[in-house]
Amino acid sequence: MALYRNLYLLASLGLSSAAPSKVQRAPDSSIHARAVCTPTAGGDSSTDDVPAITEALSSCGNGGTIVFPEGSTYYLNSVLDLGSCSDCDIQVEGLLKFASDTDYWSGRTAMISVSNVDGLKLRSLTGSGVIDGNGQDAWDLFASDSSYSRPTLLYITGGSNLEISGLRQKNPPNVFNSVKGGATNVVFSNLKMDANSKSDNPPKNTDGFDIGESTYVTITEVTVVNDDDCVAFKPSSNYVTVDTISCTGSHGISVGSLGKSSDDSVKNIYVTGATMINSTKAAGIKTYPSGGDHGTSTVSNVTFNDFTVDNSDYAFQIQSCYGEDDDYCEENPGNAKLTDIVVSSFSGTTSDKYDPVVANLDCGADGTCGISISGFDVKAPSGKSEVLCANTPSDLGVTCTSGASG
């Protein structure tokens, strides 16, 4: 893992052994200052500010800067499409607040769409910028109608050299951030993300990050409070780094789910410096079993390092029967191929839900379970530390107890 990261760093720096030129060149007279636009806000929630923002993008979206000033509020009653941006800098220092209109948002993919954009900074320089998905009505409706289709707050598909930083994202109707479509060189940094319901209905499916088909995605210095996966590595994610993250109330940092209806793969993932609070698991891998329409899942070169477990139900979990019941999996065992999976330097205390069990490793009987564990110092509240295992290697690195499931 370190090798690919170092090679990528060297390539990105463009290191050269050539000596610096002593020739002094006159300034290029063709270089101009970046154009700066500040959209005009309508001033109340009945006015959709998206057209004004779109106009600013038309004027300044090609190499320019769009500024939402500190203390300002913009009401977004429709999809904000950033597709016209090219090497643009969008500085959100005020509040972008989306409408809660469940009829309008029904079936829509995104609230902010970033499709095939090359060069985008969506950021707050002051840390005061907020993007509010206003998802309460969507969560309440979904609680009574699970067929209601909700949009992702920020949906990236394709494109390259994208930076999202310094912002607070709050209350998305569904997922916070999604990356797919072959996007490459995407950085999320210094983000505060929270989904908090004011009713008895939880903010369901509010994944922090769904990383699908993409390469070289980095997530760093992020705090997430939500009600689903904190980070999910979806099919075809490759070369993803997560460094310094705190997740509260989540389903953990997860590979998958994979293999539901096709052959899926996830590879070259490195996660380090995670604090997992009140999560169903700190980290894990979720794969569907064989049989039916399910495909084969391949997971390779994945490292989970330096995790602090704080009242999470499991420290680590492998599920090879995801989405099916035990009877099905007796007839159709898991066949996922797991290779070079490293779990290292886990510490802390689980919740009492499964005490004395702290981890549940259910590798598929018809698959491959190439996993190693080291520096695993997690205990249940009782002080015990049992690890349930099935079909794991003899040199796993921890003492196993039979009885794994999932």
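Every residue gets a Cβ built from N, Cα and C, even glycine.
Swiss-Prot annotations:
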- ASP228: active site, proton donor (ACT_SITE)
- HIS251: active site (ACT_SITE)
- ASN278: N-linked glycosylation site (CARBOHYD)
- ASN301: N-linked glycosylation site (CARBOHYD)
- 183-213: repeat 'PbH1 1' (REPEAT)
- 214-257: repeat 'PbH1 2' (REPEAT)
- 266-289: repeat 'PbH1 3' (REPEAT)
- 299-320: repeat 'PbH1 4' (REPEAT)
- 333-375: repeat 'PbH1 5' (REPEAT)
- 1-18: signal peptide (SIGNAL)
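Sequence features annotated in Swiss-Prot and their locations in the structure.
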residue : record                      : DSSP (3 states)
ASP228  : active site, proton donor   : coil
HIS251  : active site                 : coil
ASN278  : N-linked glycosylation site : coil
ASN301  : N-linked glycosylation site : strand
Stretch with greatest number of CB pairs under 8 Å, the repeat 'PbH1 3' (266-289) reference, 214-257, 299-320, 333-375 candidates: 214-257
For ASN278 (N-linked glycosylation site), the one of ASP228, HIS251, ASN301 that lies nearest, given that the recorded positions are compared by Cα: HIS251
Rounded to the nearest Å - Cα separation of ASP228 (active site, proton donor) and HIS251 (active site): 5
Chain residues outside the repeat 'PbH1 4' (299-320) and at least six past its termini with a C-beta under 8 angstroms from it: 1, 233, 252-253, 255-256, 258, 265-287, 289, 329, 333-334, 336-351, 353-354, 357-364, 367, 369, 371, 373, 376, 378, 404, 406
All-chain count of other Cβ atoms within 10 Å of ASN301 (N-linked glycosylation site): 17
Count of other CB atoms lying within 10 Å of the CB belonging to HIS251 (active site): 20
Nearest-integer angstrom distance between the alpha carbons (Cα) of ASN301 (N-linked glycosylation site) and the residue listed as 'active site': 22
Per-residue Cβ crowding (10 Å cut-off), top of recorded positions ASP228, ASN278: ASP228
Residues in the repeat 'PbH1 2' (214-257) grouped by DSSP into helix, strand and remaining coil: 0 helix, 32 strand, 12 coil
Per-state residue totals over the repeat 'PbH1 1' (183-213) - DSSP helix, strand, coil: 0 helix, 15 strand, 16 coil
